[in-house]
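Colleague: Structure incoming, see below.
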Amino acid sequence: MSESMQVGRADFDRVMVPNYAPVDMIPVRGQGSRLWDQQGREYIDLAGGIAVNALGHAHPGLIEALTEQAGKLWHVSNIMTNEPALRLASKLIDATFANKVFFANSGAEANEAAFKLARRWAHEVAGPDKNEIIACTNSFHGRTLFTVSVGGQPKYSQGFGPALEGISHVPYNDLAALEAQMSARTCAVVVEPIQGEGGVIPAAMGYLQAVRELCDKYDALLIFDEVQSGMGRTGKLYAYMHSGVQPDILTSAKSLGGGFPIAAMLTTNKVASHFGVGTHGSTYGGNPLGCAVAERVLDIVNTPEVLEGVEHRHQLLVEGLLAIAEVYPVFSRVRGSGLLLGAVLSEAWKGQARQIQEAAQQEGLLVLQAGPDVIRLAPSLIIPEADIQEALERLSKALARLVG
Ligand SMILES: *Cc1c(COP(=O)(O)O)cnc(C)c1O
């Protein structure tokens, strides 16, 4: 194998496990909110690596943080600590409700740690019967066996043998259903402040506050999965900050590393103390390279310029999308917060998100689906306004062609 070996999309089907169905082009280079494929075709990227590339592609600050750290120290394992991890943890604590941090490498791993910690906490404070985790129908928490069991989409958990026990699901934004399910056995309730994979569905007004009160009443932990909604995505550092409702545990990944794999579980002193020495761990979690990059992402994102810019870009995108919807009634409304947006397909176009995504790609525009009925946008938090305008024009062209 040499670097000059020619590869193409057809090789995917030959050499890769067939669990993905990637689009037909292969990007080879990115800059800001633009990508270029093997043929040199250019695309505007409103997919953002599925809400990961928070500062676009090849951001000079992130290249600097990565290469500076790459020349110093990559990995020491958790038998030693390291400076970037300690700096990043300190900054995350300063910026949030949390007192303690555990680092992992992906959203699923951060959630795995959160669910294990909640179980451990309950086991130690109340005994083995307090083990029920309540999650929401349609939620997504990752692809490990524990996280698909907690996740509320059976298509991801069925067919892998017995799921984990002690997990139940209630409809999102349905307080009565949650209240009916809660008991002294409840160890934790896990909620996405905005359901991302489930269709870009925000928590209803007052919902998070009421869930907090139910958790307090039954002495259960409240876990916010902010893997997708966190790190500036909604115009605040974390989405919970809009509501003022504080969780006991919060998970962060995706945008946290701006494209470098890193995740964090944030929690309080009270809860953290139940993960004693040896109870949990990760070889790579908190490695210096990932932490150095995430520290720079946090330094850049957690500023008024970037966070207010998210709100401004939100308005531009929503106004543009609604103007397009008046000409081409393919979608009926736009929901979501900040730069996590879902254009909900109208009745006649239900189920055709993939076709719309493909038509957009042909016009040089990358968008995401969130299920078959929603076009999801999760661009760079600093996407240039000119790229937003150009993206809207390309979307118009794609829809014009589809509508015919
Ligand atoms: C993407 C996502 C995850 C899983 O993250 P991975 O890095 O893919 O493991 C978990 N929760 C939410 C809300 C997500 O959007």
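In case you wondered, yes, glycine gets a Cβ from its N, Cα and C as well.
As listed in TrEMBL for this protein:
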type	residues	note
BINDING	Gly107, Ala108, Phe140, Asp225, Glu226, Val227, Gln228, Thr283	pyridoxal 5'-phosphate binding site
BINDING	Arg143, Ser282	N(2)-acetyl-L-ornithine binding site
MOD_RES	Lys254	N6-(pyridoxal phosphate)lysine
Colleague: For Gly107 (pyridoxal 5'-phosphate binding site), write down the residues of its own chain that are at least 6 apart in sequence and whose Cβ falls under 8 Å from its Cβ; none is a fine answer.
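Modeller: Result: His141, Gly142, Asp225, Val227, Gln228, Thr251, Ala253, Lys254, Ala263.
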Colleague: DSSP secondary structure for Gln228 (pyridoxal 5'-phosphate binding site), reduced to helix/strand/coil, please.
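Modeller: Note: Gln228 (pyridoxal 5'-phosphate binding site) is coil by DSSP, not helix or strand.
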Colleague: If one measures from the C-alpha of Arg143 (N(2)-acetyl-L-ornithine binding site) to the C-alpha of Ala108 (pyridoxal 5'-phosphate binding site), what distance in angstrom results, rounded to a whole number?
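Modeller: A Cα-Cα distance of 6 Å.
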Colleague: CA-CA, which of the binding-site residues Ala108, Phe140, Glu226 lies nearest Ser282 (N(2)-acetyl-L-ornithine binding site)?
Modeller: Ala108
Colleague: Which binding-site residues from the set Gly107, Glu226, Ser282, Thr283 have a C-beta atom lying less than 6 Å away from ligand 1?
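Modeller: Listed by sequence, the hits are Gly107.
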Colleague: Using CB atoms and a 10 A radius, I'd like the single residue among the recorded positions Arg143, Lys254 with the highest neighbour count.
Modeller: Lys254
Colleague: Looking only at DSSP and grouping its letters into three states, which state does Gly107 (pyridoxal 5'-phosphate binding site) belong to?
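Modeller: Looking at the DSSP assignment, Gly107 (pyridoxal 5'-phosphate binding site) belongs to a helix.
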Colleague: Which residue, of the binding-site residues Gln228, Ser282, Thr283, has its CB surrounded by the fewest other CB atoms within 10 A?
Modeller: Thr283
Colleague: Of the residues named as pyridoxal 5'-phosphate binders, Gly107, Ala108, Phe140, Asp225, Glu226, Val227, Gln228, Thr283, how far apart in Å are the Cα atoms of the most distant pair?
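Modeller: The pyridoxal 5'-phosphate-binding residues span at most 25 Å between Cα atoms.
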Colleague: Find, for the listed binding-site residues Ala108, Val227, the residue with the lowest Cβ contact count at a 10 Å cut-off, counting only other Cβ atoms.
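Modeller: Among the binding-site residues Ala108, Val227, the sparsest Cβ neighbourhood within 10 Å belongs to Ala108.
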